[in-house]
Amino acid sequence: MAVALALLAAMSALSSCTSPATAELTRLEHPVVDGAPLRLLVVGDWGRKGGYNQTRVAEQMGKVAEETEIDFVVSTGDNFLENGLAGVDDMAFHDSFMDVYTAKSLHKPWYLVLGNHDYRGNVLAQIDPALRKIDSRFICMRSFIVSAGIVDFFFVDTTPFQLQYWTDPGEDHYDWRGVAPRDAYIANLLEDVDAAMKKSTATWKIAVGHHTMRSVSAHGDTQELLELLLPVLKENGVDFYINGHDHCLEHISSRNSPIQYFTSGGGSKAWRGIFQQNEDKLQFFYDGQGFLSLELSENRARFAFYDVFGQALYHWSFSKPNLQKVQSSASVTEE
């Protein structure tokens, strides 16, 4: 913790010399019905023009969305693979989004963060409000807040944290316009996120990013996030961190804080066949395609992972008053 704070202080000092002052994160108010639970789906790493079972996952999402009457969808990034969008007129927007998620039940707002593959394209195009004129569901920004009654979602732009993308990108090109220099951007972002979380009076605080914080799959833990972002989440009482990046479904519990980590990155290509244990407690892992369902009420959160066939693989619920897990069950079927 001390090391992380020292790094943040050094980065903050640098940012004051090299970039403009921080600004409040954009806050979006999602309308809710008083007393009614909030329901949503979470999917990540999906944009493959319907391939790698993306269409099948989308079909099951539509069915679950209809059954649960969701309020919106969250995307954990890598929205357009392999190299993002080329521009606002890129047909991949139609082929990977509009023409895939066609169920009426999915015609709700989609709140999206950027993934590393999105940064390999034209980032400014993907966050351009012009895309909302093509499909009003698509709401994508770098970092922002969605306030929905009892819950605040803090969407965090995690790609710039990964040092390797800057120093050793190989043949990949990353669009760092509006981000470089890295240290200043991250310092300002952390300050903005911390300030927003401190102002939040929501019952639930949920952080959403593309990259893993904790994972037992191919990418494993993201050290930069553990060192820089996690201390901010812990200090501000964040309940859940939800991400993509690893193409799987998983739930990991922190051993030294109440934070729960959920990976929903099974929107298309999966089955990597890699497992690596980490220091925290693994509750559930499925190395396949699927998505996450979340229901939030005043005092309880209910999570469920679904596979490409629409089968519920895992249920987990969490009671807010005593911060104790109240129910957990899992079953896994091979594809």
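Every residue, even glycine, has its Cβ placed from backbone N, Cα and C.
Computed from a predicted structure; not experimentally measured.
Copied from TrEMBL, the annotated features are:
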type	residues	note
SIGNAL	1-23	signal peptide
DOMAIN	38-248	domain 'Calcineurin-like phosphoesterase'
BINDING	D45, D78, H247	Fe cation 1 binding site
BINDING	D78, N116, H210, H245	Fe cation 2 binding site
So of H210, H245, H247, which of the binding-site residues has the fewest other Cβ atoms within 10 Å around its own Cβ?
H247
I need the neighbours of the Fe cation 1 site defined by D45, D78, H247. Which other residues of that chain put their C-beta within 8 angstroms of the C-beta centroid, in sequence order?
G44, W46, G77, L81, G115, H117, G244, H245, D246, G265, G266, G267, S268, K269
Within 8 Å of the centroid of the Cβ atoms of D78, N116, H210, H245, which other residues of that chain place their own Cβ, given that this set defines the recorded Fe cation 2 site?
G44, D45, T76, G77, L114, G115, H117, D118, T158, T159, H211, G244, G265
All chains considered, the count of other Cβ atoms within 10 Å of the Cβ of D78 (Fe cation 1 binding site) is 30
